[in-house]
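**Q** What TrEMBL records for this protein is below:
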- 40-116: domain 'Mce/MlaD' (DOMAIN)
- 301-322: region 'Disordered' (REGION)
- 7-28: transmembrane segment (TRANSMEM)
Amino acid sequence: METRANYVLIGVFTLAVVAGVFGFIYWFQNIGGTGERLRYRIVFDGSVSGLRTGASVLFNGIRVGEVTGLQLDPSKPKQVVATLSVDKSVTVRADTQIGLEFQGLTGIASVSLIGGNPSAKVVAGVGAGETPPLMVAPPGATQDVTQAARDIMRKVDDFITQNQESFKAALTNIEKFTAALSNNSDKIDKTLSNIERFTAALGSNSDSIDKTLSNIERFTGALGRNSDRIDRIAQGLEGLTGGPDGKGGDINAAARSIKTLADNLDKRTEALTLDIARLAKTGTRTLSTIDKAAKNFDENPSRLIWGGSSSDQKQPRTPAVR
């Protein structure tokens, strides 16, 4: 009988120890280490898969409370309202970032609160029996990494499906290109050989190239050292060709004067040419008259000396024909 009683006591003691351990763990995870709690309500727009009652509330990665309730908004079925119980020492502000944080690949979620500007308005939590203040989580706060990966893969799959023909055409073009490369392998080899010879020629003439580059460097250095002189020459040319103090106006005026003189000379030359032509015609007529007079003198000099007409002259006798 005593042996049986000992077994019962041992069993009760074991159950008490196990219950105490579980109670301590529950107390430590949910209540222990924290003082008075304040309540808040968070509105999530979308699925909160992995979030459950009793899940942790983290502030900058430190556990400061737990989720005490989850419910749907009857007027907006897509929205989920989570009630949080947070340690009173935590200051929640209007610009505190709200989101869900997922632990590894298990999918277990916790509510994440991050920072806030010290100058931002403080959101005051309330105790039990009062209506907690309502805060709205930003869009995308409920999306975990695995869900994001699934969405990306779905978009990639849709993109590939929609552009299947384009991908086929691209693969066909690649096949044609590789076939063209294969068919022209000899030409490609020759091109590569020419490039190799060209680079070898560059290597063998590296001294000449270095000298050329050195000459260019010296030339540019000389230009840099004489930049002031070049500027003065440019300013002198600018002053000569234009500007309020330049000689451009004088040069233009001189050019106009030369043009006017050339035009007048052309007109005078034209008039002088006409006068010379008329004088030449008169001289021609005078020479013709003198020529006629000379002929008349040769034919009948007595007329010029004694006067008379040409009819008084004796006609030459025609010899008789026997």
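Cβ coordinates come from backbone N, Cα and C, glycine included.
TrEMBL: automatically predicted annotations, no manual curation.
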**Q** I'd like to know the mean pLDDT over the domain 'Mce/MlaD' (40-116).
**A** 86
**Q** Using DSSP, what's the helix, strand and coil tally for the domain 'Mce/MlaD' (40-116)?
**A** 0 helix, 49 strand, 28 coil
